[in-house]
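J.: Quick paste of what TrEMBL says about this protein:
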BINDING   Tyr241, 254-258, 294-301, 391-393  FAD binding site
COMPBIAS  488-498  compositional bias 'Low complexity'
DOMAIN    9-144  domain 'Photolyase/cryptochrome alpha/beta'
REGION    481-534  region 'Disordered'
SITE      Trp325  site 'Electron transfer via tryptophanyl radical'
SITE      Trp378  site 'Electron transfer via tryptophanyl radical'
SITE      Trp401  site 'Electron transfer via tryptophanyl radical'
Amino acid sequence: MQMASENPSVAICLFRNDLRVHDNEALFTANQKGKFLLPLYCFDPRHHAGTYHFGFPKTGCHRLRFLLESVTDLRIKLQSMGSNLIVRLGKPEDVIAELVKNLNLQNNVAVVIQKEVTEEEVKVEQDIRSKCRIPLLTVWGHTLYHIEDLPFEPKHLPDVYTEFRKKVEDNLPVRKLINLPVQLNPLPMGIDQGLIPTFPDFGFSVPDRDPRSAFPFIGGESSALQRLNDYFWVTDNVSTYKETRNGMIGTNFSTKFSPWLAHGCLSPRKIYWELKRYERERASNQSTYWVIFELLWRDYFRYVSLKYGNKIFFSGGIKNEPTQWKTNHQHFKAWQEGRTGVPYIDANMRELAATGFMSNRGRQNVASFLTKDLQLDWRLGAEWFESLLIDHDVCSNYGNWLYSAGIGNDPRENRKFNVVKQGLDYDGDGNYVRLWVPELAAIKSGKVHCIWTLSNTQLQAGGVLLGQTYPNPIIVAQEWSRHVNRPSSSTSTGASSGKGKKRSSGSQKSLEHQGQYPGQKRGLDFYFSHTNPR
């Protein structure tokens, strides 16, 4: 899309999910277009209201911390380049309109922004055009493979990931990194940089950092690039990624790039070209390829969102399949709080609540448990993840939940995880469960995964009283019985030791928080008192 004004006096670079300097086409373009550069970030109040159907806080305390850290780091980066980050609390269309008015820029300003694909974000772009009545240029920047390089129109995107991958990975070049100048154009005169808000501004107290977390890192481009260097060049962990990626405990079983990717602190092309250098200089194997394989999944879900639009948010998903989801509030609350009585599920859900992070293996299992075992609406899980995950990306989150619910891009019918088998496969000795479910800490070996099958003597020896110190399982699937007597395995991925710590309630808002927009007939109470709302 071309900008109506080719040489504006001031070019506003509106940052959203691209909180970095390296390989940032929006920043590069804005710096080229205008005599003055105005980098801008808006804390949009709509991002801190309630989720669409169920009213969970849209940005929970853990992601808020990561965001604040990322914005702070971006400001420091820009200051080192002779610029600054202007920060405002408000809707971007309102903030820009006020800036244009106060600086008398009506005929001498343009906005450059990274293009989004989902409705709420696209509407911001539309509102800037309609309300501010100034030129706006969008650039593509989220994906490894650029949209203009695809061998098909987005509407013809294959509905199976493997077909997409085969069409692109060996046939398309990955574009080179965009290098910005050492010094950026100056800011326009007379503009206040604005304060970066703090937790109380959003109704939160500062959350504790849990020492058990598999993601102890901070937000921002600086931390992202340090992690990239450490994971590739310092530890060589990337060379064993495929073997370790299903781990559960510690910082190095997986790349941990996803929170930085979601906030745009790290470019996928930066990962790709650094990986190619690593393959030339150190090692090229299945593990190094698998990092690219996972980046392609991220691309795919973004293009799925572009193809199907709001269908990714509908009950029947992109397949538009009518599904009679159950409406058991107590089951959902047990899942939400990590009190299902199924230790592997509970451990993962408690880790999420305490840290904002959960492993990929954990996400697949808790999603399958919610949608296939409890048969609850997948959107409950998607919105809860949206609230809590530090790496929430709307396309990847909803795409993965659709996949898990069987109404997305999974070519297999009725895929269901046996969560007991999965727990024994990936946490064979139960160390992960004991780390996050400390009331089971004295139950040794993998038998902790099947706590309800233990004798009273075994339970008493472990200080467990089912139904009192730890819940009875809210459901026991028939297929679990095939694995309850399986011997433990000390070689299970992620079965490293860890000392448990009792989880604090934290500063996350109440689980009953509704956060509804005025007049909305949404939220948990409404949902569970009515069957199957859209």
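Positions of Cβ are set from backbone N, Cα and C atoms, glycine also.
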J.: Give me the mean pLDDT over the domain 'Photolyase/cryptochrome alpha/beta' (9-144), rounded to a whole number.
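T.: Mean pLDDT, the domain 'Photolyase/cryptochrome alpha/beta' (9-144): 96.
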J.: List the same-chain residues at least 6 positions away in sequence whose Cβ sits under 8 Å from the Cβ of Trp297 (FAD binding site), in sequence order, or say none.
T.: Tyr161, Ser396
J.: On a count of neighbouring CB atoms within 10 A, which of the binding-site residues Lys256, His392 is highest?
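T.: The residue with the densest Cβ neighbourhood is His392.
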J.: Nearest to Tyr300 (FAD binding site) in three-dimensional space, by Cα, is which of the recorded sites Trp325, Trp378, Trp401?
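T.: Out of the listed candidates, the nearest Cα belongs to Trp401.
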J.: Long-range neighbours only, meaning 6 or more apart in sequence with Cβ under 8 Å: which ones does Glu294 (FAD binding site) have?
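T.: Set apart from Glu294 (FAD binding site) by at least 6 residues yet with Cβ under 8 Å, there are none.
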J.: Measuring Cα to Cα, tell me the gap between Trp401 (site 'Electron transfer via tryptophanyl radical') and Tyr241 (FAD binding site) in whole angstrom.
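T.: Tyr241 (FAD binding site) has its Cα 24 Å from the Cα of Trp401 (site 'Electron transfer via tryptophanyl radical').
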J.: Between Trp378 (site 'Electron transfer via tryptophanyl radical') and Lys256 (FAD binding site), how many Å separate their Cα atoms?
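T.: Per the Cα atoms, Trp378 (site 'Electron transfer via tryptophanyl radical') and Lys256 (FAD binding site) stand 25 Å apart.
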J.: Could you break down the residues of the domain 'Photolyase/cryptochrome alpha/beta' (9-144) into DSSP helix, strand and coil, giving a count for each?
T.: 58 helix, 30 strand, 48 coil
J.: Rounded to the nearest Å, what's the C-alpha distance separating Tyr241 (FAD binding site) and Trp325 (site 'Electron transfer via tryptophanyl radical')? Just drop the number here, would you?
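T.: Approximately 37 Å lies between the Cα of Tyr241 (FAD binding site) and that of Trp325 (site 'Electron transfer via tryptophanyl radical').
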J.: Any idea what the Cα distance is from Trp325 (site 'Electron transfer via tryptophanyl radical') over to His392 (FAD binding site), rounded to a whole Å?
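T.: Between the alpha carbons of Trp325 (site 'Electron transfer via tryptophanyl radical') and His392 (FAD binding site) there are 24 Å.
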J.: Please determine which of the recorded positions listed here (Tyr300, Trp325, Trp378, Trp401) has the lowest count of neighbouring CB atoms within 10 Å.
T.: Trp325
J.: So if I draw a 10 Å sphere around the Cβ of Tyr241 (FAD binding site), how many other Cβ atoms end up inside it?
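T.: Result for Tyr241 (FAD binding site): 21 neighbouring Cβ atoms inside 10 Å.
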